[in-house]
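Some notes on the structure that comes next.
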Amino acid sequence: MDSSMGMVIAVPAAVLGAAGFGLATAAQQRATKEVEVTPTLSPRLLVELFGRPMWMLGLVATIVALVLQLVALAFGPIAVVQPLLVTGVAFAAGFSALMARRRPDVVILLGALCCAAGLSAFLLLARPIPGAAHESLDLSDGLPLGIALAALVVGCLVYAAVVSHSSRVLALALATGVLYGVTAGLMKVVTGQLQVGWTEPFSHMALYVVCVIGPLGFLLSQNTFQQGKLISPAVAVITSVDPVVAVLIGVGWLGEQLDTSPAKLAGECIAALVVIAGIVLITARGTHLLHRFEAMEAVGARPAGPAPG
């Protein structure tokens, strides 16, 4: 199949996958507020959540979204597919407002769109080119990058464990985004191996690493949703870091190439600033909405659902 036909399949699959992840995020965030707070990475949280209707809806949406992500990765470059998944932050904000029977906050949606547009522009300017066949790749080739990412995750978890500031939730979100990005990168390898044969992935390490890192990232995301009062800032960090890490894996290990000419680099820097501006906008607006939410509770009002934003 030529690249243009592959993109016809990959792009819609990635956007639908983003919608699925957005629905899953909104549903799971509401469900995690219904159970007792558990320590980070404690499996007890999943035990307590399992069977709750809202969480099960999120689980089904996650599975469907993952299948769509696999389809997208099978037909398109990782550096194109992952940025489209960033639109999940806008879907999450919309679904969260719908479940709380509120209108979506325009400022938060604007921030979400900034994140999605900035990252998409970055990779469109970079013009990613697919690398070599993934079935021949050696997992050890990505060891230096893997060590650096592992150190970042551990650092985030340590920070979240020793501080009580609200920024600890963003640290958990950063660690979650890294784990999701690594999972996406390895899933690209697995899909390449599947094109050789259905049994091919079982003879390589990538599938088994995904089976460990994927569930860890999912559990950490539930901790992030439960321990944070605001959904949008955490989701913005997760959905922005995820594709960046996936692209690092695509370029540093899978052989995908980015355009790094001076003019393109300038445009990419501007696009990155747009992403940062989107995250800042979401965080600032979410904090404002949270203060208003808490003020309503203080005077006896009973707002529906978890804190907005």
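Keep in mind that glycine also has a Cβ here, set from the backbone N, Cα and C atoms.
Database features, via TrEMBL:
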TRANSMEM  6-24  transmembrane segment
TRANSMEM  54-75  transmembrane segment
TRANSMEM  81-99  transmembrane segment
TRANSMEM  106-125  transmembrane segment
TRANSMEM  145-162  transmembrane segment
TRANSMEM  169-190  transmembrane segment
TRANSMEM  202-221  transmembrane segment
TRANSMEM  233-253  transmembrane segment
TRANSMEM  265-284  transmembrane segment
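The stretch from 54-75, 145-162, 169-190, 202-221, 265-284 with the most CB pairs below 8 A to the transmembrane segment (6-24) is 54-75. Taking residue pairs at least 6 apart in sequence, the transmembrane segment (233-253) and the transmembrane segment (106-125) share three or more C-beta contacts under 8 angstroms. Among the stretches 145-162, 169-190, 233-253, the one making the largest number of Cβ pairs under 8 Å with the transmembrane segment (81-99) is 233-253. Count of Cβ pairs under 8 Å against the transmembrane segment (233-253): among 54-75, 145-162, 169-190, 202-221, the largest is for 169-190.
The highest tally of CB pairs under 8 A with the transmembrane segment (202-221), across 54-75, 145-162, 169-190, is held by 169-190. Outside the transmembrane segment (54-75), and at least 6 residues removed from its termini, the chain residues within Cβ reach (under 8 Å) are 1, 6-7, 9-11, 13-14, 16-21, 23-28, 30-32, 34, 81, 84-85, 184, 187-188, 191, 194-195, 218.
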